[in-house]
Structure formats: structure tokens, C-alpha cells
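First comes the structure, then the notes that go with it.
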């Protein structure tokens, strides 16, 4: 029933993915060997969304792991849940992409992509009714960004009617790992705009801020950051895996969140986030969750929702709570902050309630918002891209692998178009929308 196939690519994607499977295993009561050791039938009822049951009663994740170098794969394999994955589903090259997206998209990645697609096909054939794919990758490196988007476009050709959800780690504004991040990110966004259905935007700096400010961690590690991401990932699909009062799936999510097909880049947030020290001083209530969930400091990407307006948003609550209270709180948010929502989409906040809370919590909520302020993120990457591209800096690394300068120009203009589309809908008012329609009708009559 409604399976989701999980794909992780590159170093970042594999590290997030490894953490994600730890979280999902804990929720379904599955131990590191793939055996079930939980205490509730609900954990097994829809375990097949993310797991395949093998003949000996082991649960095997529906996951495909790919990378262009064996390093990260080895660390996943030797990690706590390394033996749960099917050994054939590790697909890796030897040379690495070296942060060069031309290698990941055209040379090294293109050689490996067929074997990845074979594994994806095998997994998809095992599914009863495949709902879609979720891809974890970063956009700054070479493998996750370029080979990830190459795989997405290939899967798009083969499974055009299945949902494609991505968790994409964008380059951070101040923290940068590599100098060519703006190139790789722009080339990837160019692909994601066309081929992905829903794109959850994350970035390390915002996650670090949450760890410092909210969780009061003095030295956050990537493990802590990935834990935040995996809590959100698990929240997005909880309705598929556990019974709830108001269910949603990937397609319902897309229909409720995407007013225009190109604008499918979402901000995500998670509540409750509290530091270990102050946990016992906080009551977990629906108002408290709602307040924290809509807080700008809680967003996992470096864009401030107060600088733009929400086109749509979706809140997924988990735990035993009254739906009436959830609806009241959501209405309350919309009424108090009406200037932050566009007025030409009525009822633009969807809420979902799932009865089973995450492991170790009484209640939790996941937030997904389609806000025009995400353009800050694209604009920032675009400025960095232009600064380097104007001088053709580092370009020989890409053209040497067979890329053309025109591709860069195309990707740049696509990114700039995206920014101006977000800006256009941020400025639009209800009256203008009416005028557009009148003009269009006038044109038709002519």
C-alpha cells in the first residue's frame, strides 16, 4: 500500500539518510538487524510504506544508496543501522566527483546512473502501489547535486505520474564548504524546477542556529543537524504510516501547497524543539506547538518568512489532541498575522492530525510552508553565481568535462525567473488577480 522509495545520494544525502532510517526504525520498533521488537500493532500495520518484509521476517528498508566514492557508504555500512540495508542497494563508483557537478551529471555520474536505475526499478517492482520517491541530497557538492538531479530526471521519464519529493540542502549564506557551491546549486535548481514535485529546502546555517539558540548545544555536530532533518522527514510521511483523524499523503500535500507548478520550494520546521535543561518547564499543548512551529527562528532554511508572504502552508500534528483545537489555533494564526498570508488564496493553511506521536514525545508538529521569502535564498545563490560567472572563474573544470557555457547562462536565467515569479506573487493583491483574469478574457475575445 502506498509505498515510498527512498533514495540518498552523495555524502550529505547518505548521512542524512542514515539518520533518517534510525528515526523511522525507532518509530516502527525495528532493531538494527531488521527484526521487529516493538509493542504495538500500529507499528506494523503500515510498516510496508518504508520497508519490505523478507522471507525470514526481517524488515528491509526500501532505500537506494548511491555515491561516486566508497567512503561515505562504508561509514553508513559500519554505522549502527548499516546491516539493515540490502547489500545490492549500495551503488558506488570509485573516483568521486570532487565537488564538480559536470562530473556528477555528464561523465562519472552518467556511467553509474544505469546501475542505480536498475536498483530503483527492482525496488519499484517490489511495490504494491508505489506512491512516490523521496530523494536526500545536497546542492553544493558534485554527486548529490548533479547525479541526484540526473537521477530525478531519469525517474521522471520512467515514472511520470509518481510524486517526486526532495530534501535538498542548499549552500549556507556564511558557512561554505567549497568555492564552486553557487555553480553546483544553480545548475541543480535549474533541474529541480522542472523535474521535482515538492522540494523541501534545508540549509546548514539555519540548522546550526536552531541548535545554538533553541537547543542550547554548544558544539553541534552534523549528527545533531541531521537529527533535526530526519524528525521533519518522518513528520511529512507520518500520515501514511500511522492511523490519524485527518490524513494526508504526498499528492494531497502537493495539491494543497503548490498554487503554480514552478513554485514548489518549501520551508520546513519542527516543534517542539527545547533544550534538554528546559524540557521539564514546558507544557506540550497545541497552542504552544503552533506558536513555536510558526516562529521564524524555527525554519530550517536561511530565509525569513516575515520578509515575504505565505502562499500556502501545511501543519502536521502528531499525538492525541482534539482536531477542534488544532483548527482553532490555525485560524488564530491566520487572523492575527493576516498580512503575512496572500489574500487571494482563501483557506490556505491545511492541517493534518496523526494519532501516533514520534518516539519519546507526547505531541509534535511538522510545518511546511510555501513562502515567497524563499526567494532570498535563490537571490543570494544567484548573486554569488553571477559574481564568479562574470569572470568565468573555475569554469574550465566544467567545460573540461564537456559542459557548455550556455548551460550556465540558461540555469542563471531560470533561477532569476524563479525569483521574479516569487516577487510577483508577493506583490499581487486580490484586485490585481481579478484584473489579470479580465485582461485574459479580453484577449480571448479579440
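Residue numbers in this text run from 1 along the chain shown.
Positions of Cβ are set from backbone N, Cα and C atoms, glycine also.
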- Query: Where Swiss-Prot shows 11, 138, 142, 143, 144, 204, 226 binding GTP, which of 45, 53, 69, 288 is named for the same site?
  - Reply: 69
- For residue 143 (GTP binding site), name the DSSP secondary structure in the helix/strand/coil scheme. helix
- In the structure shown, which of the binding-site residues 138, 143 has the fewest Cβ neighbours within 10 Å? 138
- Note on the structure: Least Cβ-packed of the binding-site residues 142, 144 (other Cβ atoms within 10 Å) is 142
- Item | Site diameter for GTP, Å, by largest Cα distance between 11, 69, 138, 142, 143, 144, 204, 226 | 23
